[in-house]
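Visitor: Feature list, courtesy of Swiss-Prot:
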{"type": "TOPO_DOM", "residues": "21-534", "note": "topological domain 'Extracellular'"}
{"type": "DOMAIN", "residues": "21-52", "note": "domain 'LRRNT'"}
{"type": "REPEAT", "residues": "53-74", "note": "repeat 'LRR 1'"}
{"type": "REPEAT", "residues": "174-195", "note": "repeat 'LRR 6'"}
{"type": "DISULFID", "residues": "Cys310-Cys359", "note": "disulfide bond"}
{"type": "REGION", "residues": "383-423", "note": "region 'Disordered'"}
{"type": "TOPO_DOM", "residues": "556-788", "note": "topological domain 'Cytoplasmic'"}
{"type": "REGION", "residues": "620-655", "note": "region 'Disordered'"}
{"type": "REGION", "residues": "668-707", "note": "region 'Disordered'"}
{"type": "MOTIF", "residues": "785-788", "note": "motif 'PDZ-binding'"}
Amino acid sequence: METLLGGLLAFGMAFAVVDACPKYCVCQNLSESLGTLCPSKGLLFVPPDIDRRTVELRLGGNFIIHIGRQDFANMTGLVDLTLSRNTISHIQPFSFLDLESLRSLHLDSNRLPSLGEDTLRGLVNLQHLIVNNNQLGGIADDAFEDFLLTLEDLDLSYNNLHGLPWDSVRRMVNLHQLSLDHNLLDHIAEGTFADLQKLARLDLTSNRLQKLPPDPIFARSQASLLTATPFAPPLSFSFGGNPLHCNCELLWLRRLERDDDLKTCGSPGGLKGRYFWHIREEEFVCEPPLITQHTHKLLVLEGQAATLKCKAIGDPSPLIHWVAPDDRLVGNSSRTAVYDNGTLDILITTSQDSGPFTCIAANAAGEATATVEVSIVQLPHLSNSTSRMAPPKSRLSDITGSSKTSRGGGGSGAGEPPKSTPERAVLVSDVTTTSALVKWSVSKSAPRVKMYQLQYNCSDDEVLIYRMIPASNKAFVVNNLVSGTGYDLCVLAMWDDTATTLTATNIVGCAQFFTKADYPQCQSMHSQILGGTMILVIGGIIVATLLVFIVILMVRYKVCNHDAPGKMAAATVSNVYSQTNGAQPPPLGGMPVGQLPQAPPKVVVRNELMDFSTSLARACDSSSSSSLGSGEAAGLSRGPWRLPPPAPRPKPSLDRLMGAFASLDLKSQRKEELLDSRTPAGRGAGTSARGHHSDREPLLGPPATRARSLLPLPLEGKAKRSHSFDMGDFAAAAAAAPGGYSPPRRVSNIWTKRSLSVNGMLLPFEENDLVGARGTFGSSEWVMESTV
């Protein structure tokens, strides 16, 4: 019966346990321990119905993303927790706070970016921490704080770690295995492994380490099994795949006996790619430091910042230290800052900083030094021997206070000064809106002055402005002042006080002045208005000039159009040509024979006569009448008058050419008549001369330059002549040709006789011009037929 009751009780307990097991999980009750196995079940989160008495929990191979505080709450008996091969990217702080019995935590093959200081809080008995194959880029300094003394196995391989909390690693005295391979580590702090006496395996493969700090722990890698103890086991050390810089700093590692030959050097250039254990010890050398650049001298006003630079090269890279003038090593403090590149910043300088600063560059091969001379220009202060000479209530650091107490004292820098006060030695002159000339004088009995200091400020504020002036100057121009403002100014003399070994200062004098008022805005507005007025005036002048020019052109155009019909009428009246073949011309308009129509009392336009006279010579040698137009244009351009161009005329013809001949012939006859009327002898000579060359003159004509002698004559009381043109053989030949047609001939071959009608225009030629025209054609070619 008792046996039956015991079996039923055991079955009931097993049924209760199975009933509490999460879905898709397997729960095992092994004696006193309870295991919950949920590997690769496709879980997206930690099942909430897990028995809190679980000792072993396996959740690997799922898709869990987040770990919260309630996921493992009250699991105080949990010893082994496996969260491998999930997609965990975030662990809420204090999520493992209740897992005080946990011995092993597997977080490998997840997506954790970092480990915060509270991520692993509460794991006080943790011995195995596996966090490999994640995306860890950083680990907080206190992340391992709760299990530093209990941790035995730490695996951080295959991450993106650039550094580790080396101080925490140094305190893991029970650590047996440390896997840091396949990371981005480039530095290991010296002395990190000094206390890790139980370390049996150290893996630093495939990092960026260029050197390893010498440590006695690495000597255990050569210890045999006979000499090994449980407290000092032999060390398995791997550091292949690192770009080792093979210099004197790795000589200690080269002297170790190793069995593998796979390590190679990454630098320097002469040893790059060579097997580490095959390189001779003599080739592991270093270069002493060399300072390449540093500050030589520096002048700083007391209280201001100073920057001292020092750069050095060497192999390995040297460390730079600074030594103050009092042989004190300068470090980082509230007043100074030392940087890794060798720069020293003094944030606030004092008089004690004056002197030589020493830059020391040191490495494993030696050291180099350089000196920087720092000079501090001290702020003015009174020494004990000169304090009684200062005016009452005058303070060197507050000129405004000293000057405001004496506003009614005539502009002095203090109250009622004694008779020998130095304020009178300062004069301010040539005051403008933005500048003033300050002059001062010092008595010959004064100590040797090193420098003068000019202090001034505006009466509207309390900001002092300092100007350092060499001792050789006794005047200074103060610029960049504000217009219409009062200023308080003092001049101080600085010299070395042998009693206090400090720079003593005494007031030479003080003064007050006001700058002149200025109105830049009004002047600017006036200049703008003046500039705009000038632009308007110039534009108006240009527009008026253009309008006047346009009006002149329009008036001239109208005058030309008005005169053109009159010119054409004059040309029509004065150029009446007819070809009669030697016969008498018929009556004009029914008028009696021998009587010509009276032309209107006009003077023929002068430019038309010029056209005929200047183109005459060219027309005689041309075979076409088109050359006459070009001769007219040339004669007009060479004339002495620039008359408006005549109205368009019809194309020149043979009749117009004959009119030119007649004009020249009538001119010569007119001249002969004038000569005959003066002297009897002249009449006979004129008659003979007229019969000799009057017919040849029109053909030759005077040169075109004689066209300026043309003058209009009145039409009344002048004889009118008519000449007939006889074609001679030309007409007979034309009639004899069959069909009344004859081959064309040159016009020059038929100019034998002509008939011209000219009214009132004579060409006054000189006698010598007529003589020059003789001999070209015979007088037989020209026959005067009739004269009316």
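Cβ atoms are placed via backbone N, Cα and C, with glycine included.
Context for these features, please: burial, neighbours, distances.
Guide: Same-chain neighbours of the domain 'LRRNT' (21-52): 14, 58-68, 70-75, 82, counting only residues six or more beyond its ends whose CB sits under 8 Å from a CB of the stretch.
Over the repeat 'LRR 1' (53-74) the predicted model carries a mean pLDDT of 93.
Residue counts for the repeat 'LRR 6' (174-195) under DSSP, helix first, then strand, then coil, are 0 helix, 3 strand, 19 coil.
In the three-state DSSP scheme, Cys359 (disulfide bond) is classed as strand.
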Visitor: For the repeat 'LRR 1' (53-74), could you work out the same-chain residues 6 or more beyond its ends whose Cβ comes under 8 Å from its Cβ atoms?
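Guide: Result: 33-46, 80-92, 94-99, 106.
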Visitor: Could you break down the residues of the domain 'LRRNT' (21-52) into DSSP helix, strand and coil, giving a count for each?
Guide: 0 helix, 10 strand, 22 coil
Visitor: On the DSSP side of things, how many residues of the repeat 'LRR 1' (53-74) fall into helix, strand and coil, could you say?
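Guide: Residue counts in helix, strand and coil order: 0 helix, 5 strand, 17 coil.
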Visitor: Counting across all protein chains present, how many other Cβ atoms fall within 10 Å of the Cβ of Cys359 (disulfide bond)?
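Guide: I get 23 for this one.
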